[in-house]
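Record features, source Swiss-Prot:
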BINDING   Asp6, Ile7, Gly8, Asn9, Ser10, Arg11, Ile12, Lys13, Thr131  ATP binding site
BINDING   Tyr94, Gly101, Ile102, Asp103, Arg104, Thr183  substrate binding site
ACT_SITE  Asp103  active site, proton acceptor
BINDING   Asp128  K(+) binding site
Amino acid sequence: MILLVDIGNSRIKWARLDGGKPADMGAVTRGKTGIKRVLSKAWKEFGDVNRVVVANVGGPKVAEQLEQWLQTHWQIAPEFLTARSNGYGIRNAYSKPETLGIDRWLGLVAVRQRYRGGDRKKAICIVDCGTAITLDVLAADGKHLGGLIIPGLAMMPKFLADHTAGINETTEAVEYSLLASTTSAAINAGALYGAVAFIDRVSHDVAVEMKGELKFVITGGDAPRILPLLRDKYEHLPDLVLRGLARVAKDTSKVRRETDLDCAAQ
């Protein structure tokens with residue numbers, strides 16, 4: 001079995017590769033003290049895993065913990081992916097392509113794979129609403145035009161608590177309203193409407209530049225909160241990064257099989 005793993009800043013998502021697509025998806029919140037205990041509980045029923053293909057934006061410490069866990073339990077090493085200058089019909093906008101977040105690169109890979117035929121005549125705006133909110137644009141010819149990053153809904157209140165006197169991080173239930181009557185609700189609503197305004201304005205400006213030929217895709221844990229307030233019609237793809245992982249894992253599986261056959265023939 002090939003296991004696809006998407007490690008974010010707050011959650012870990014996974015799926016098995018089935019016919020080139022992600023299947024049997026699961027997710028857990030990352031533990032504050034590490035991920036080994038979380039993985040032992042979440043993956044205890046998995047058997048016959050021979051490859052683990054990983055998109056990690058959670059940092060080197062969590063990567064090291066995953067390596068240790070996989071070696072201890074399954075005696076295999078993870079395959080950490082990085083963004084490329086080009087591939088899968090995409091040309092990376094970054095002069096140092098490997099510095100583009102792997103989650104953003106795989107989002108580009110996934111939408112390029114998903115939209116074919118007539119849909120390929122339009123550019124695609126991809127919004128990922130996670131710990132950070134990212135917006136990337138992929139031209140119809142596969143050229144990545146670049147993107148933007150702002151703090152996500154959970155990060156904005158933390159920033160205010162860290163840098164503003166009189167505002168503390170709250171443990172109250174998250175509340176959203178147009179005009180709030182408590183400080184915590186005002187912060188949460190401000191974060192939400194700020195994110196919506198950012199996405200709407202940037203997507204509008206990009207659409208003008210593209211002369212209206214633009215499709216919209218949204219993903220990430222906070223997408224369900226943001227999506228209802230957006231002006232444009234977005235396709236919600238919660239498993240976008242896993243779709244990109246599946247595409248790359250399928251491609252590299254073919255290369256590995258061909259290499260094994262070549263070695264066997266020698």
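Numbers here mean position along the shown chain, with the first residue as 1.
Cβ coordinates come from backbone N, Cα and C, glycine included.
Locations of recorded Swiss-Prot features on the structure.
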residue : record                 : Cβ neighbours (10 Å)
Asp6    : ATP binding site       : 27
Gly8    : ATP binding site       : 22
Ser10   : ATP binding site       : 13
Ile12   : ATP binding site       : 24
Tyr94   : substrate binding site : 16
Gly101  : substrate binding site : 20
Ile102  : substrate binding site : 22
Asp103  : substrate binding site : 26
Asp128  : K(+) binding site      : 27
Thr183  : substrate binding site : 13
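Secondary structure at Ser10 (ATP binding site), as computed by DSSP, is coil.
Comparing C-alpha positions, Thr183 (substrate binding site) sits nearest to Ser10 among the binding-site residues Asp6, Gly8, Ser10, Ile12, Asp128. Rounded to the nearest whole angstrom, the C-alpha distance between Ile102 (substrate binding site) and Thr131 (ATP binding site) is 15. Cβ environment of Thr131 (ATP binding site): Gly8, Asn9, Ser10, Gly152, Ala154, Met155 lie under 8 Å away, each six or more residues apart in the same chain. Asp103 (substrate binding site) and Ile12 (ATP binding site) have their C-alpha atoms 12 Å apart, to the nearest angstrom. The Cβ of Arg104 (substrate binding site) lies under 8 Å from the Cβ of Ala83, Ile126, Asp128, Thr134, Asp136, Gly147, each on the same chain and at least six residues away in sequence. Between the CA atoms of Asp6 (ATP binding site) and Tyr94 (substrate binding site) there is a gap of 22 Å, rounded to the nearest whole number. Classification of Asp128 (K(+) binding site) by DSSP places it within a strand. Within 8 Å of the centroid of the Cβ atoms of Asp6, Ile7, Gly8, Asn9, Ser10, Arg11, Ile12, Lys13, Thr131, where the record puts ATP, the same chain has further Cβ atoms from Arg30, Val57, Gly58, Gly130. Of the recorded residues, Tyr94 (substrate binding site) and Ile12 (ATP binding site) place their C-alpha atoms 26 Å from one another.
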